[in-house]
Amino acid sequence: MNAKRGKEREDFGRILFAVLITCKIFLLADAVESRKKAKQVADFYSGRSNQSREERESSPIIHLKKLNNWIKSVLIHLYVHKGDSVLDLACGKGGDLIKYDKANIGRYVGVDIAAGSIDDAMKRYNNRRQRLSFAAELFCGDCYEVDLERSIQGGFDVCSCQFALHYSWSTIERAERALDNVSRMLNPGGFFIGTMPDSNVIVQKLRAAQDLEFGNSVYNISFGEEHRTKRFPQATRFGIQYHFKLEDAVDCPEWLVFFPYFQSLAANYGLDLVLKLNFHDFVHKHIKDDHFIDLMRKLGALGDGSNGDTLSPDEWEAAYLYLVFVFKKRGEPGPRRQQNDRRRQWSMMKAEDIKKLVT
Ligand SMILES: C[S@@+](CC[C@H](N)C(=O)[O-])C[C@H]1O[C@@H](n2cnc3c(N)ncnc32)[C@H](O)[C@@H]1O
């Protein structure tokens, strides 16, 4: 009897061991796969060279790019204050550096996975003609994979993630790591501001499409056969990949971010929702403000109206694919701004000043 029980226990142990090993293999395979995808995204952005002014102006989505810049400028104007210290996650080529200079910030840290983009951000920062008023640090690495506290000293008033948070939704682990990093880097009362695709709009358009793809003259979105039902049950709310192509800007895999899940996950990390608006609603809301109309004119997003020089209907439809979000880190703000008043000044950066994130 005892021998039989002992044998049963042994068999059970063996089965449990086999199940655990299988799970581990699946998890490892998942991690390898998501790293491969992150590299694909990094290679795409790294390969995009800096454009000359003429090239930029002749882009088929020039007005959409200017509208995006206007939206980011308005967000920065609303949530970034003099002397603030700012963490720019997925900062790209440093396209927001001048916006932060206008906001008179005290400290800037930019992180991006694409080495080529970080290099361009350094060149933009070093540009002597537009010397910026703050000290900057740049890091290269995957900010949805590693613990940022191992490389960067926290205590930021604002964390910004523009057009990039959706790259963390390939797995729940990456999405959680992203939010954990944001939360731990921010001071209590600090703001997390960003822009990303609006999955509501994307799913609506997918369902209205005949097949698994839709778009217009400036963008195309396509889903794989596995999404033929066009239904996304609750259990599979991460890793829903589609391919996004935006003329002269994006051509890589992206992942749907279901906002209610994003909001509740963020709440688990002490980040409370302040604002969520589709780009169309954000534009309608802020275009009534004289200061922002003026900025829109200066940036030229709406062109001068002559010879069709304005945002095209297709660009406006592409803008509808995005939303703006703002979260606030729970807790009472401390005496943080005074510290930043004793700020360091601009100083030329060298390639060796770009640090790698500690993995
Ligand atoms: C559309 S660009 C936006 C760049 C910049 N935030 C802006 O608004 O101009 C997306 C950026 O996200 C970066 N990115 C994507 N995945 C990332 C990751 N895991 N860690 C850090 N950066 C990432 C890309 O390299 C790229 O520079």
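Each Cβ is built from the backbone N, Cα and C atoms, and glycine gets one as well.
For the S-adenosyl-L-methionine site, TrEMBL lists Lys72, Ala90, Asp112, Gln162, Tyr167; matching the candidates Asp30, Asp43, Asp142, Asp198 against that entry yields Asp142. Neighbours of Asn69 (mRNA binding site) among the recorded positions Ala90, Lys93, Lys99, Arg124, Asp142, defined as a Cα within 10 Å of its Cα, are Lys99. Only Asp112, Gln162, in sequence order, out of the recorded positions Asn68, Asp112, Arg124, Gln162, Glu254, Tyr322 have a CB under 6 Å from ligand 1.
For Tyr167 (S-adenosyl-L-methionine binding site), the nearest of the recorded sites Lys99, Arg124, Glu254, Tyr322 in terms of C-alpha separation is Glu254. When the C-alpha distances from Lys99 (site 'mRNA cap binding') to the binding-site residues Lys72, Ala90, Asp142 are tabulated, the minimum falls on Lys72. Tyr167 (S-adenosyl-L-methionine binding site) falls within a helical segment according to DSSP.
Listed in sequence order, Arg35, Ala38, Ala42, Ile113, Leu357 are the same-chain residues at least 6 apart in sequence whose CB falls under 8 Å from the CB of Asp142 (S-adenosyl-L-methionine binding site).
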